[in-house]
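Asks: Swiss-Prot lists these features:
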DOMAIN    118-350  domain 'ATP-grasp'
BINDING   148-210, GLU232  ATP binding site
BINDING   GLN299, GLU312  Mg(2+) binding site
Amino acid sequence: MSKVNRDEILDILEGYSREDITVATLGSHTSLHILNGAKQEGFKTAVVCEKGREVPYQRFRVADEFIMVDKFSDIVNDDVQDELRSMNSIIVPHGSFVAYAGLDHIENDFYVPMFGNRDILRWESERDLERKLMEEAGIRIPFKYTDPEEIDRTVMVKFPGARGGRGYFVASSTEEFNEKIDSMLERGWITEDDVKDAHIEEYIAGTNFCIHYFYSIMNDEVELMGMDSRFESNIDGLVRIPARDQLDINLDPSYVITGNHPVAMRESLLPQAFDMGDRMVEAASKIVPPGMNGPFCLQTMCTDNLEIVTFEMSARTDGGTNTFMHGSTYSYLLHGEGMSMGRRVAREIRVAAEQDRLPEIIT
């Protein structure tokens with residue numbers, strides 16, 4: 001299977017009418033503000049939607065066209081791709097698109113012009129590649145253990161792919177690691193292949209900041225668009241139980257993301273945040289060309305020493321951007337209007353079309 005040929009994508013794009021572009025996405029994750037932002041910037045919109053899940057897009061009136069499919073993964077089917085291309089569609093990727101379409105399909109046989117860098121999506125999904133990119137950027141990341149037998153302090157254990165925190169757990173010893181792995185296997189939460197690919201890293205205690213950036217090729221600038229923190233089940237409920245009672249409850253903590261809330265960072269920490277974003281863009285341009293174009297997110301913890309430590313990244317629109325569909329504290333400072341991440345993407349597309357530079361932002 002050969003990779004999608006960029007020249008073929010550009011040929012498809014060349015056949016589009018610049019005055020009749022449709023911004024399209026999969027109906028999940030962050031599609032509401034992607035679609036709404038596109039309409040705000042004057043584009044037609046289309047949503048590829050699983051049957052039975054169309055209500056939000058109808059009731060919020062964000063989609064002009066609906067492509068109904070039996071299951072989300074059908075977005076890669078030839079007939080769906082044909083329909084998207086017939087609308088002059090530019091696809092805006094998000095976490096659900098990556099999960100349902102699948103990286104192999106996105107990289108090898110999805111011939112619809114896509115905003116951003118389709119090659120970098122694998123780098124957020126595979127832990128070793130993600131770590132390589134963050135190391136190249138020179139930002140602080142947790143220490144990684146290559147063998148459970150090496151565990152000598154509290155660690156966080158994660159598994160491949162974007163799972164919204166599902167299956168993550170904390171362990172303080174090799175014995176505890178093995179016990180929790182066995183329990184999760186019995187429950188069917190993970191597979192033997194997951195165990196082989198388990199990512200074990202130093203647990204960072206601190207406060208959570210998920211920092212949302214946008215790198216604009218049009219302006220050659222990294223914009224800090226907003227920040228959020230996450231609601232996680234069941235750990236958020238457990239910590240509300242008195243410590244003496246927690247010990248008596250036979251309930252394993254889990255870290256499944258169930259929601260997001262906006263946050264503002266201490267102002268003296270912002271130089272660190274900007275520096276981290278700049279470093280990530282510079283590193284990505286070197287090792288995953290054309291680079292970190294468009295939205296990306298660094299998921300971080302800030303320690304009591306006021307050091308920001310990055311434990312994960314998203315190389316596309318992150319779910320936390322749903323907290324500022326009307327704009328954030330930070331996007332207001334830069335744009336002076338209600339600028340969601342979806343609208344920022346659409347504006348980049350609009351400016352690129354007006355300046356005849358669409359090939360620079362499409363892969």
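Glycine is treated like the rest: Cβ placed from N, Cα and C.
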Asks: Just the number: how many Å between the Cα atoms of SER172 (ATP binding site) and GLU312 (Mg(2+) binding site)?
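Replies: So the Cα of GLU312 (Mg(2+) binding site) lies 21 Å away from that of SER172 (ATP binding site).
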Asks: Given a separation of at least six residues and a C-beta threshold under 8 Å, show me what packs close to LYS196 (ATP binding site) in the same chain.
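Replies: Non-local contacts for LYS196 (ATP binding site): none found.
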Asks: Using the alpha carbons only, what distance in Å do you get between GLU312 (Mg(2+) binding site) and GLY188 (ATP binding site) once rounded?
Replies: 25
Asks: Between GLY188 (ATP binding site) and GLN299 (Mg(2+) binding site), what is the CA-CA distance rounded to a whole number of Å?
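Replies: Computed Cα spacing between GLY188 (ATP binding site) and GLN299 (Mg(2+) binding site) is 27 Å.
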Asks: How many neighbouring Cβ atoms, not counting its own, are there within 10 Å of the Cβ of ILE204 (ATP binding site)?
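Replies: So the number of other Cβ atoms within 10 Å of ILE204 (ATP binding site) is 21.
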Asks: Can you tell me the CA-to-CA distance separating MET156 (ATP binding site) and GLN299 (Mg(2+) binding site), as a whole number of Å?
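Replies: Checking the Cα atoms of MET156 (ATP binding site) and GLN299 (Mg(2+) binding site) gives a distance of 14 Å.
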Asks: For the domain 'ATP-grasp' (118-350), what's the mean pLDDT in this predicted model?
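Replies: That stretch averages a pLDDT of 91.
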Asks: Can you grab the distance from GLN299 (Mg(2+) binding site) over to PRO148 (ATP binding site)? Cα atoms, rounded to a whole Å.
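Replies: Each residue's Cα considered, GLN299 (Mg(2+) binding site) and PRO148 (ATP binding site) end up 24 Å apart.
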Asks: Taking every protein chain in this structure into account, which of the binding-site residues PRO148, GLY188 has the most other Cβ atoms within 10 Å of its Cβ?
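Replies: Output for this query is PRO148.
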